[in-house]
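Enquirer: Got a structure for you, written out below as structure tokens; questions coming shortly.
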Amino acid sequence: MVHAPAKEAIPLLTPYKMGQLELSHRVVLAPLTRCRSYGHVPQPHAAVYYSQRATNGGLLIAEATVISPTAQGYPDTPGIYTQQQIEAWKPIVDAVHRKGALFFLQIWHVGRVSTTDFQPNGQAPISSTDKQITPDDSGMVYSKPRRLRTDEIPQIVDDFRRAARNAIESGFDGVEIHGAHGYLLDQFMKDSANDRTDEYGGNLENRCRFAVEVIDAVVAEVGAHRVGIRLSPFDNYMDCFDSNPVALGSYMVQQLNKHPGFLYCHMVEPGMAIVEGRRKITHGLLPFRKQFNGTFIAAGGYDREEGNKVVADGYADLVAYGRLFLANPDLPRRFELDAPLNRYDRSTFYTQDPVVGYTDYPFLEEIDEESTTTYA
């Protein structure tokens, strides 16, 4: 089967200059937890997975990677705090760079989204609060957290700083600070999860202080031109939401703008609406896009049509794709040809298999070869 390139202009596939970095297209691999880094050490199969999704001039954001032993909350997620982990990332980064792609590492602390099983010496997870996450429908029960003391916070800030330095040592082109989805920085920023009475709680400025200190430290360590952040002000995930998400997002963007050359702001859409029977992205990020001085990346359920539209309209510079990129290693090529997409298998998202649901999703050419094969 021969696929002809789509005739209409494809905004997602136009070049873009992000700071001093030249991108050949706007389709970004979103950071996706895959739980295949055994013992929290990146494995050789990750080099296959990421290089499959790498294109010349493309941007990949690696899966959320823990910054310290207390940052863990899921099985077999990678770390970036030991020399063994730093060395293990190097061949993975090299494999991506050989394809001509840019590679950023998302640095992460889960906070209270953890259990004592994942914590050093079985201690309680740390958070902005001592309030436990309400058990969800899956039956997962997270341990009751311990509220961080004020004098402990500088150590966590330094853990982020060292993680950024280690990422650059591994060869990454930069880092993305994980400030989204109900994890530690989000727990401090959002008023549903921050009930502190010290300088890290109360008003908006205080609640954002920890995240701002992390940003400042990481920028000072590796340079603003190597730093992005992911934020989800509208998110209600892991009992973590804010009473005024627009004010929260706007304040954080203002803090990013204080760092000339801060590379990108990666934000998650508020959600979906049903319009004429179709799921439509609500496009609630426009105020932040207008305020931010750097590259703006939008994420949250985008398909080819929606991605093209927001780039063409100037709503976003780049669009991050998660599940579609997971299931289609050649996603930019498929978008170019407007070709059918592989369906993702949710049951294999977080298994530990190094191949199934990880590196075995077929490329378009493989499907075409199968469809034209005849058997005697």
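Please read every residue number as a count from 1 along the shown chain.
Every residue gets a Cβ built from N, Cα and C, even glycine.
Note that this is a predicted model, so its numbers are computed, not measured.
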Enquirer: If I go by Swiss-Prot, which of A9, A54, A64, A71 binds FMN at the same site as P31, L32, T33, Q106, R230, G301, G322, R323?
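Expert: It is A64, as the record lists it for that site.
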Enquirer: Near H178 (substrate binding site), which of the binding-site residues T33, Q106, G301, R323 can be found within 10 Å, Cα to Cα?
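Expert: Of everything listed, what lies within 10 Å of H178 (substrate binding site) (Cα to Cα) is Q106.
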Enquirer: For H181 (substrate binding site) and P31 (FMN binding site), determine the Cα separation and express it in whole Å.
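Expert: About 12 Å separates the two Cα atoms.
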Enquirer: Which of G179, G301 has the fewest nearby Cβ atoms, counting only those within 10 Å, among these binding-site residues?
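Expert: Among the binding-site residues G179, G301, the sparsest Cβ neighbourhood within 10 Å belongs to G301.
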Enquirer: Mind checking which of H178, H181 has the fewest other CB atoms within 10 A of its CB? They're the binding-site residues.
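Expert: Across H178, H181, these binding-site residues, the one with fewest Cβ atoms within 10 Å is H181.
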